[in-house]
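Shown next, in structure tokens, is the structure this report addresses.
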Amino acid sequence: MLLRRIGLLPPALVEFISRLAFNVGLPLLLCISAAGLDFATIGSATYLLAGVVATLLTLVLGWIYARWRGFPQPVLGVFVQATFRSNLAIIGISLCHAAYGERGLALAVLPVAVLTTLYNVLAVWVLQTTLGSSRSFSGLLLALIRNPLLLGIGAGACVSLLDWSLPSWTATAATGLSVFFLPLILVSIGAAMRLRSLMRASTVTWEATAWRLCVGPLLTLLVALAMGVNGEPLGVLFLLISAPVAAASYVMVVALRGDGVLAANIIVLTTLLSVLSVALGFAVLVTLGMAGELA
């Protein structure tokens, strides 16, 4: 916000950064991540299936709620995306490492890769349906095929399925991309945020925050427990799903010329309040003996 106020981050530059991250940085990161995914282990990971089911359930219920509230189409898309899309790859996986150490990272890799793919597919569909000009099936399919994030994931999945090995330098490249692009995305989010609008936050912002930090994680816990998930997998799944809204959601909204201010405000508010909601939720799991052995 300070950089925007002193003129170093004009709106045009913020949009350029967002589009660069959307078209180049994030697709490369997702490609490298998907290339390291072992598809043979997906079928036996019950906690992963619980995460997928909970994500779909949250989306459907969030959409029904938004329709019931009468949100206009542009707001509906931003709201629904915020209900199910958590920050898996940055905050979620960091929380898992902090709580469980290397065991947490090992458990988190698979759901991060799979749910990131699912998030992006669902986000493209939701935003293209509510913000895009084409709402036919062929138009939605074309939007999915052309989406840079999904192209990156698809390329990485092909590498994994064909059992090809990426050069050793790709790990270093992924780290470099993260160091370069992720801070840029966060800076552009801060520049897009309007503190006044956050202080008098619209009801949509607060409702989306409640869905992301309370409703989504609660639904996930109920689904996971119903499927017999417990211990460390349950704790890891909770930490991943209870993370604030992903920064990439802002990038996608801006790319489709949606309400970037609303998207940025939701990200900032969920990030601030998640410190409390994640701590309280995880403390309850630990107290009840449902989170497994901590690091």
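Quick reminder: no glycine exception, Cβ is built from N, Cα and C everywhere.
Copied over from TrEMBL:
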TRANSMEM  20-40  transmembrane segment
TRANSMEM  46-66  transmembrane segment
TRANSMEM  78-100  transmembrane segment
TRANSMEM  106-127  transmembrane segment
TRANSMEM  139-162  transmembrane segment
TRANSMEM  168-189  transmembrane segment
TRANSMEM  210-229  transmembrane segment
TRANSMEM  235-256  transmembrane segment
TRANSMEM  263-291  transmembrane segment
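Away from its own ends, the transmembrane segment (235-256) comes close to residues 15, 18-19, 21-22, 26, 47, 50-51, 54-55, 77-78, 81-82, 85-93, 95-96, 99-100, 104, 107-108, 111-112, 115, 119-120, 123-124, 127-128, 131-132, 149, 182, 185-186, 188-189, 192, 208, 212-213, 216-217, 220-221, 224, 229, 262-264, 266-267, 270-271, 273-274, 277-278, 281-282, 285-286, 290-292 of its chain (Cβ-Cβ under 8 Å, at least six residues beyond either end). For the transmembrane segment (78-100), the residues of the chain that approach it from at least six positions outside its boundaries are 29, 33, 55, 58-59, 61-63, 66, 71, 107-108, 111-112, 115-116, 119, 122-123, 126-127, 130, 182, 204, 207-209, 211-212, 215-216, 232, 235-236, 239-249, 252-253, 258-259, 262-263, 266, 270-271, 274, 278, 282, 291-292, 294-295, judged by C-beta separation under 8 angstroms.
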